[in-house]
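A short write-up of the structure that comes next.
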Amino acid sequence: MADKIAVLLGGTSAERDVSLNSGAAVLAGLREGGINAHPVDPQEVDVAQLKAMGFQKVFIALHGRGGEDGTLQGMLELLGLPYTGSGVMASALSMDKLRSKLLWQGAGLPVAPWVALTRAEFEKGLSEEQKARISALGLPLIVKPSREGSSVGMTKVVEENALQGALSLAFQHDDEILIEKWLCGPEFTVAIVGEEILPSIRIQPAGTFYDYEAKYLSDETQYFCPAGLDASQEAALQSLVLQAWKALGCTGWGRIDVMLDSDGQFYLLEANTSPGMTSHSLVPMAARQAGMSFSQLVVRILELAD
């Protein structure tokens, strides 16, 4: 008898709506591939009961906290249920932009200059040294929560007097935030499925940057796959992404986002260990370019579950 597969979708994070869309698409794709798949929303069902409910494997279509931050992965490990995507450590590291950057920097990989702040430091008032370090980054800046996805809580700061508001917004979403030097782009993303690096995608948002609206709602965001890089640039990008992926210990499938600055240098932005799988999503787009249908993609991801 075929394995009974739980597709985890929805959840309780700020990315719930995106996850519901991802999960519905994954569910349809798995069923098209002949898989006995069923939707499970952790907001409504106690996922600690998955094994008792007769499930043999889990496809994680959750985004954000409680889904791709290592907590769920740890519980599934304890239950002895194979699941898609990266393990506990890689999931936790990838969700945490600050720790990802520290690890990549330590591995000698390029990341944008940044300053990290905690809520306690912000509430106490920034020291002169912190102000000087932020000032040294120049303008514009990008302010982002360390552990939030889908560009939630992110702001581009073009004038110094807008920084305070941007910090306040980011701290609504996390206790730790990043203030980064603005890289002028373009932005690229590279998906990995198993050992296969899929063709890179160049992202061209209509607005200032690739924010929540550009990712999920706008029809004006343009995606180019192939990305239009020459062969040596594409090879350099793929090599960097693979090094970044391995440094974090990622497995299964995922995506690494990268920015090409005006100096011609690629800089790592972040890793996504449970990327979106909606109609606007990038991993399915790259898979299509590589000759893989959506159904083939989700079945392949499920096969990689351990």
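Backbone N, Cα and C define each Cβ position, glycine as well.
Record features, source Swiss-Prot:
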{"type": "BINDING", "residues": "134-189", "note": "ATP binding site"}
{"type": "BINDING", "residues": "Asp257, Glu270", "note": "Mg(2+) 1 binding site"}
{"type": "BINDING", "residues": "Glu270, Asn272", "note": "Mg(2+) 2 binding site"}
{"type": "DOMAIN", "residues": "101-303", "note": "domain 'ATP-grasp'"}
Subject >> Nearest-integer angstrom distance between the alpha carbons (Cα) of Ala162 (ATP binding site) and Glu270 (Mg(2+) 1 binding site) >> reply: 24
Original post:
Among the binding-site residues Thr155, Asn272, which residue has its Cβ surrounded by the fewest other Cβ atoms within 10 Å?
Top reply: Thr155
Subject >> Taken over the domain 'ATP-grasp' (101-303), the model's mean pLDDT >> reply: 92
**OP:** Would you count the other CB atoms within 10 A of the CB of Glu270 (Mg(2+) 1 binding site), including those on all shown protein chains?
**Re:** 20
Original post:
Looking at the binding-site residues Ile134, Leu141, Leu169, Leu183, which one has the fewest other Cβ atoms within 10 Å of its own Cβ?
Top reply: Leu169
Subject >> Cβ-based isolation winner (fewest other Cβ atoms within 10 Å) among the binding-site residues Glu148, Ala162, Glu176, Asp257 >> reply: Ala162
**OP:** Whole-number Å only: compute the distance from the Cα of Glu270 (Mg(2+) 1 binding site) to the Cα of Ile134 (ATP binding site).
**Re:** 21
**OP:** Pop the Cα-Cα gap between Asn272 (Mg(2+) 2 binding site) and Leu183 (ATP binding site) into the table, whole Å please.
**Re:** 19
**OP:** Provide, as an integer number of angstrom, the distance between the C-alpha atoms of Thr155 (ATP binding site) and Asp257 (Mg(2+) 1 binding site).
**Re:** 18
Subject >> Between Asp257 (Mg(2+) 1 binding site) and Asn272 (Mg(2+) 2 binding site), the C-alpha gap once rounded to whole angstrom >> reply: 8
